Amino acid sequence: MNKTRRIALYIYLVLAGIGLQFELGSMAEKDVTLEAGRDLVLNLAVLAAFFLPFYFLIKKLAKKLSVKMIVLGTALFGGAFISGWLSFAGNSLIDIINSNFIKDPAVFNDWTNALTAPFAEEFFKSLTAFAALYILGRKDIQSVLIAGLSSGFGFQVIEDIGYVSRVTFGGQYSGSLEAVGRIAGGLASHTLYTAVVTVGVYLLFSTAYKKYRLFGLWCVVSTVANHFIWNSPFFETEHRINIVVGSLFAFLVATFIEVYRLVLKEKKTDLEI
């Protein structure tokens, strides 16, 4: 590891240290009852029942693509403790800017999540993935895919823990129901978002994959649009059958499948060469 990468690693760890306090410190400072603490453990166990299989799936995928586990671990750690608080800061900054243009409080509240998260979160999650790749000296598209998956997964884990913890400590709603709700949305959420965007950005700027630049642009734009619609009022409905949710889910998964097929194709080409 050269000097520049060592400096990058140090900055990475500093940012992660800030994130550890930001994400977990506030929970440790809460004055909660024994019952609330027990409920939190049970609710987090519900999340773990979903997270663990997902983690092992990413691990298996990394092995299939011949990507070292350090790529998965480094990007996952950064996704959990770097991209989260940076996204929070980015969302807050965009909110301040938007408040100067959107004067109606009702309109602002309805659209604030759609106008912030898709841009700040996707930027910082993919940036974290690329930072991990730079530190580790990895440039192959297989590592890019795994880093994107891992960064998004780490972000999703911490975000879901935060949501469930707030609901559990708040006492107004069932933390278990919140956990189930997070799982329902998590099947096609940050993990796949970041994987698709990260590979898309890589294809846009890589000189070795010029022929895929249009597809790379599609990956970035379509995913940000997907996230935008997911956070917008269009997503909300009083009916249990939500066509928008189904369409967004299918659209994202289909795009990820195409990304995965491309990565497999390029891996096979590299082996033949």
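Using the three backbone atoms N, Cα and C, a Cβ is placed for every residue, glycine included.
Matching 114-136, 183-205 against TrEMBL, the residues noted as transmembrane segment span 183-205. If you count C-beta pairs under 8 angstroms between the transmembrane segment (70-94) and each of 7-28, 40-58, 212-229, 241-263, the highest count goes to 7-28. When each of the listed stretches 7-28, 40-58, 241-263 is scored by C-beta pairs under 8 angstroms to the transmembrane segment (212-229), 241-263 comes out highest.
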